[in-house]
Amino acid sequence: MKLIAANWKMNKTQREAEEYVSKFLPLVKDVTKTEILLCPPFTSLCKVSQMLEGSNVKLGAQNCHSEKKGAFTGEISTVMLKDLGVEYVIVGHSERRWIFGESDEIIHKKIVACLEEGLRPILCVGERWEDREAGMTFKVIETQIKLALSGLDAFVSKIDIAYEPVWAIGTGNPATPEDAQLVHRFIKDLVGPVRVLYGGSVNTSNAGDFLRMPDVDGLLVGTASLDPESFFQIIQASENHHQQEEGG
Ligand SMILES: O=C[C@H](O)COP(=O)(O)O
């Protein structure tokens with residue numbers, strides 16, 4: 001099943017999150033062929049978790065710490081997330097890699113922490129523009145994945161990967177669906193059967209084009225997920241795609 005995930009990043013107060021979910025749940029109530037995920041900021045997880053109970057929408061977090069508890073001021077553990085009803089955690093988003101200096105080693109530890117707690121990590125990988133220009137896209141992706149998933153071959157079915165080219169994030173300049181397809185294929189050849197999402201300037205107009213690619217198994221949506229209507233339209237693109245596939 002395709003996964004369409006919303007990463008709200010550092011947006012929305014609790015009240016705004018509540019308004020969003022109130023509008024969103026009736027829109028998606030008949031969605032059955034697509035897995036839907038909302039990843040609000042930590043401050044809204046509790047409220048959103050209560051609202052999603054019994055619905056067809058799952059809850060994710062945008063980050064976690066690698067330790068279960070202890071003297072880590074300002075951090076949130078996988079145990080705490082699990083306790084709130086979180087099922088997914090975005091790990092290694094490029095905004096954490098490049099703004100906060102999160103290393104591949106830390107990302108690996110976070111993935112292990114998620115797996116230990118029964119949470120499903122969405123590992124984000126992606127090249128910067130200069131990597132792409134230097135012809136290093138595949139090398140960068142390979143290195144990020146090998147380091148993050150080192151020793152975790154047996155757990156690949158419990159992990160999703162999001163290909164998010166750094167230069168495409170929040171720029172309005174997405175990868176072409178064909179370029180995304182090439183990288184997704186490369187990732188599956190490297191890792192084995194794994195669900196690979198695309199992220200980076202996905203919107204209501206281009207979502208269907210990405211979802212038509214054979215190895216695009218879902219989308220990780222930032223900006224266009226902030227409005228419930230437009231996020232719903234992206235989910236609809238996935239439902240439509242599924243219907244077309246079934247129709248042959
Ligand atoms: O996690 C989501 C991605 O960073 C994509 O963000 P964007 O849709 O605003 O480009």
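Counting begins at 1 with the first residue displayed.
Using the three backbone atoms N, Cα and C, a Cβ is placed for every residue, glycine included.
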Check your understanding: Since TrEMBL lists ASN7, TRP8, LYS9, SER201 for substrate, which candidate among GLY54, GLY170, GLY218 does it give for that site as well?
Key -> GLY170
Exercise for review: May I ask for the distance between GLY170 (substrate binding site) and HIS93 (active site, electrophile), taken between their Cα atoms and rounded to an integer number of Å?
Suggested key: 13
Review point. Which recorded positions from the set ASN7, TRP8, LYS9, HIS93 come within 10 angstroms of GLU164 (active site, proton acceptor), judged by C-alpha positions?
Key: HIS93
Check your understanding: Looking at Cβ-Cβ distances, which residues of the chain lie under 8 angstroms from ASN7 (substrate binding site) while being 6 or more apart from it?
Key -> CYS39, GLN62, ILE90, HIS93, GLY199, LEU220, VAL221, GLY222, SER225
Check your understanding: So among the recorded positions LYS9, HIS93, who's got the most Cβ atoms within 10 Å?
Key -> HIS93
